[in-house]
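Below is one structure, written out as structure tokens; the observations come after it.
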């Protein structure tokens, strides 16, 4: 229903809430960047404050953009799946606000005023992509443009899917969640790198490093899990078209996203536990522009055989099983397509999963290339450059792959443009 149905108040409400949203996002982003860039603020209190700001950004982003879109399009419709997604995200970040405020209260307790350093060091140095001063402005401009293109492109996908009723299907529900995960994933690494370039500093505190690693692991794993769910969706659509709407019902779609998030959260916490077991580091320089879990484990002075075993088990579980699911889905899809007699029917069937297959190849290809290259090459500079492919380039290209290769998305974008023209 919104706040008012009076047509004369709609422009006023749109401008008011747009300004409030921008002030909220920019203000909280300023707090996050300030805390991360100033070593004097690398304390538990400001660590909690920066996480509270991040949670506030995510919380307001689950409600206000949809309201602004409804005002702009003169529509108050929200699909069942979108409503469940919005409710779930708002509950998660609203609860996080409450929990972080509780942790901040405990931090302010007088009996805990003495800082307890959990490790022998308090900060790391991110090596970045280059130490050449002449290249820093070029790198700053390049990655700022890539970051803005990624965020705006994925936001456009989300708004297009939510505003067009023709796209309220399981496939585009997963796509909008993949775009949201890409935005969060790139936002955990690139802003810190841009801050380091701008401030001519490569320092990241121990707590900030663990936070960045945890968030990157969550959203990176979610990308992989959502791509697996999308492969299953395409399998059902092509191999069981008559039962598609019954099998891929809103409840199952929401359940798959929830399971993806919970599994990603579990992997993140296991990585955190492995890092917390390390009490001494042989070096403070991380050969990357962000806190990569594998890089941190390699800095341990002590025997990390148990950590390596856990890491291999996690890699096998989170890598092998989703990849096997994707392979099995496409094996069944190709088998079904080959049984179609007409070439036009084969092309139409395969075109429905062409964009997803391209994104899967891009995501897995860059990720495998980076880790295989890191094992074969010992150059400290090749690792960060290769990491750019799957941390920055892949999220940036996803919207282009889906918008250029997908007729439904292109049609929805044209309708959205004509509606706002």
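Each Cβ is built from the backbone N, Cα and C atoms, and glycine gets one as well.
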Given ranges 138-159, 160-181, 270-291, the stretch to which TrEMBL attaches the annotation transmembrane segment: 138-159
Could you check which of 52-76, 77-101 is flagged in TrEMBL as transmembrane segment? 77-101
Other parts of the chain folded back onto the transmembrane segment (203-232), taken as Cβ under 8 Å at six or more residues beyond its ends: 36, 39, 42, 44, 47, 50-51, 118-119, 121-126, 171, 174-175, 177-178, 181-182, 184-185, 188-189, 192, 196, 256-257, 259-261, 263-265, 267-269, 271-272, 275-276, 286, 290-293, 296, 318, 322, 325-326, 329-330, 356, 359-360, 363, 391
Comparing 12-33, 138-159, 244-266, 385-404 for Cβ pairs under 8 Å with the transmembrane segment (77-101), the winner is 244-266
Tertiary contacts of the transmembrane segment (12-33) (same chain, 6+ residues out, Cβ under 8 Å): 2-4, 49-50, 53-54, 56-57, 60-61, 64-65, 67-68, 71-72, 191, 195
Any residues 6+ beyond the ends of the transmembrane segment (385-404) with a Cβ under 8 Å from its own? 129, 143, 146-147, 149-150, 153-154, 156-157, 175, 178-179, 182-183, 185-186, 189-190, 216, 288-290, 292, 355, 358-359, 362-363, 366-367, 369-370, 373-374, 410, 413
